[in-house]
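These notes are about the structure you will find just below.
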Amino acid sequence: MFNNFFTKTVLSVAITSILIGCGGGGGNSASNGPNVTTPPVGGVENPDTGTGSDTGTGSDTGTGSDTGTGSDTGTGSGDKEPTTTPEQDYVYKKENFNVAEPNTSANKVKVGVIDSGVRKNDILEHAVKKVYKYIEDYEAGEITVTDLTNAGIDIQDLSINNHGTLVASVIAAKSNGDPEYENIPEGAAKDIAEIYGARTSDQNGGLGYASGALLAMQDLHDKHGVKLFNGSFGTRTAETEYKKTLTKYAMNLADGGSLIVFSTGNEGSSTPNIEALLPTFVGGEGIEKGLLAATGLDSTKKALYRAKDGTGANACGDAARWCIAADYEVPVYSENLNGNAVFVGTSASAPQITALAAQIWSKYPWMTADQVRQTILTTADYVDDGSGKKLFNETFGWGYFNQASALKGPEMFSQIFGETFNAEVDSGLAIFSNNITGDAGLVKGGKGTLVLSGNNTFSGNTVVSDGELRVNGSIESPLTSVYSTGLLTGAGEVGAVDNGGTVSTEKGRLTIAGDYNQYEQAKLVYGLEHYLTVTGAANLDGALEVTAQDQKMVTAGKHDVIKAGSITGDFNTVTANSAFLQIGETTKDANTYSVDVQLKDAKVAGTLNGGLSNASGDLVNQLMAKANAQAVNGESTELTSYVAKVQQAVTAEQAQAVLNTNAGALFAEIPSVLLHNDAMTNAQVAQRAFQVSKQGVTGAWVNGAYQETSTKAKGWDKVDSEISTLTAGSDFQVADNAILGAYVSTYKDDSKFSQSNGTSETDLTTFGVYGKWNTASDLYFAANAQYGFGDVEFKRSVTNGVDSEQSNAKSDLDKYGVYGEVGYSFINNQWSVSPYAALSFNSVTLDKVNESSEMGVTVDDVTAKENKLHVGVRFDYQVTKNLALGGYGEYANAVDRSLPNVNLVSNVDNTVGVSYQAPAYDKDYFLYGITFNYLTNNSKWNMFGDVAGNAKNSDDIQAQLGLKYMF
């Protein structure tokens, strides 16, 4: 009974002593609730006139003293004058390594507005995601939740003056292109914040108690992942037990990674509302990492807002260490007044800070709540309350918030927040461009990149435990330690370095103001022309890797790697991280460590030996030699820019892609491929002619044929082709034992080239004639001739090692061939066997090819031709009067083949070219197939066809089907 009585007594006292209102109020009446006042002429409310007398309202747009674009490039101060290395004539410009701000506009931040509710009106509809009503059962420590998202807006916010809606407007109001609202004050986080509104009561204008508000925050955190909350309400007094409840709820939120911004209140008091003091309660110390308190300044930005009656913003008091100042008066759009007005009170101050927190969290999504807090506090403009210059004071806390500075990262690493600032940049790029001071250190973690571009004087040590720390400004840490998965780069200056991971000069000439110790497991990546400067001693071990990444063209010769006060030790291994460069001797004297860099023979840089690598290797070697001469003479040309990118190819696979590009192999190969395919087609034509003339009478016919072939020459492309032809012809019986015919075909050849990463589409029109004469002794003679013309369209991917694009080319092509056969037909009842021998000639000519890409090549006319000897046998079995089934086998070999010398020049520099012989594909084949021939009863229609394969290449297949009508 005592416990029940005690609980009811505590609850009664709490209810009578707690006011949740517009940043806190001075009493319990509705008159102390939220208020919106219309501005006088000129749109500015003058505090001296006493117009800001409402105790629960607030001010300004919350933008701070600057525009807050966050557009700093993160570049550091940069060297004004370029530095020239005499032996290379390379001009080093630090500003070339400036880093542009990443676009983080797509990073949305969920913001809980815990208040009288939020109206999903025209200027907030884009931002409001959910609106809930929360009713607390204090004794049970539970809440009842009702979704109001699709309810009427008058239910969503019960406040007479739409208090919660005004708070949300300071954060996220937007005209959304509606002319009616084009002149409204817009929220600082209008394109970032996603609003989750909460109404915490059915009474008192929708405002409930602090405990219910904290439970509402927890619910939004658990169900929707909301981590940022605005609390423009306040409680002036509370009993101990109630403080314990608030402490418990707030601790859960802080431990869960949430950040709450509370208003200090509007009584003009030297102490803030109790919500702002939660970290001072027993057991509440851990809440500080997730809490900010916001007070309000007048228009001078030098004093707390005061009305004539003495009311106004409460001071920070004991919350000074986590307190920040914003404007007390904020322009807003008022639905009640159907126009712009001024929102007055620390209720308006808090959402300015909440909006800034949302912007910071959007730009740096990897930050913890405490780090967002640290960024806001340390970038504030200090306001002296007479107590002297220090980090914060009991009146204004850290001072007036500075949006522009806050969006450049923190300005201080202070042990107030911990011994180190742990930047867990899990991915992507983040830039801190402020000049960071303080007595704490920095730990860079995560796989992403953190750029420090300011002149940083924080005195703690720096650790690169993972990912990249790029210093483009300077840091004065006495020691920077690089762990095994860490990477230290940049064009700036650091203190002494212990390298147990990777230090790189790829991103500029890094200076170490102190000693440099490199351990056995560590690596120094030397970006050519970017030596490492060490003002102290360089103690070497581990690996040196020389790279051409992100550089201008590297010339052959001696390159300085380290310039130090003294050098001891040596690298265990020295390698080149470019497939087209190789390392010669290394030299070391008292102060300089150098390497001799030479151009590697391109023919052995890739994955293929011989073949197209020899051809293109010669071309690339010439290009590199000419570019080297130009660079040594101080010239900057398209060729030197091209070779600079070629040198950035790291792997043999990347190098092979460059070689494939410069070989132009598919242009050299296509005549040989078509020659091979045409020889197979000739065999098909001969078989068709045999079938179509088998009945020996005049007629007209059509035929469709299909082939798949695969050709391969060592060191060259594997070419897979699909050939289809559609033919129409007619033949005439010119004598009892002789027939002549003619035909026209459409010929289409689609080929894919493996190494060249390209395709060709050949479209030809072919005209042909054929004939057969049977002697009285069953000896026969057959022949055909054909000529085709059309074009070939090429598509392939080309690369310079860095950039890739599709290159196109189109060229005319013609081909011709003749075929002569002699055979003898042995006929025995139903059987017919016909051995034969034949000789064929084929020629394919491709006109000049000029690729569209500047990375491509130009190839002169090429012609391939061959003579082939054929021997074979055909046999038939007359199954019925109308149907004959059979088969055939044929072996053919190119007894004389003439392949072209390919003359090729680079499109990068057309004075550089090579000549090489086109590849030779298989000279022979062994076809075997089955046939059928069917004649209708009226002897008018004849259907014939065959299917064949190549015994020497299982990938070669062909089939055809024809129909003849006999006159």
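All positions are counted from 1 along the displayed chain.
In case you wondered, yes, glycine gets a Cβ from its N, Cα and C as well.
Any TrEMBL annotation is an automated prediction that lacks curation.
Taking the Cβ of Asp115 (active site, charge relay system) as reference, residues of its chain lying under 8 Å away and at least six apart in sequence are, in sequence order, Asp157, Ser159, His163, Gly164, Val167, Gly197, Ala198, Arg199, Thr200, Gly206, Leu207, Asn230, Ser232, Phe233. For Asp115 (among others), the entry in TrEMBL reads active site, charge relay system.
Per TrEMBL, active site, charge relay system is recorded for His163 (among others). Other Cβ atoms within 10 Å of the Cβ of His163 (active site, charge relay system) number 32 in total over all chains.
For Ser347 (among others), the entry in TrEMBL reads active site, charge relay system. In the three-state DSSP reading, Ser347 (active site, charge relay system) counts as helix. Using a 10 Å Cβ-Cβ cutoff, Ser347 (active site, charge relay system) registers 37 neighbours.
Summarising the annotation, TrEMBL assigns compositional bias 'Gly residues' to 53-77.
The feature domain 'Autotransporter' is assigned by TrEMBL to 693-967. Across the residues of the domain 'Autotransporter' (693-967), the predicted structure has a mean pLDDT of 90.
The feature region 'Disordered' is assigned by TrEMBL to 30-88.
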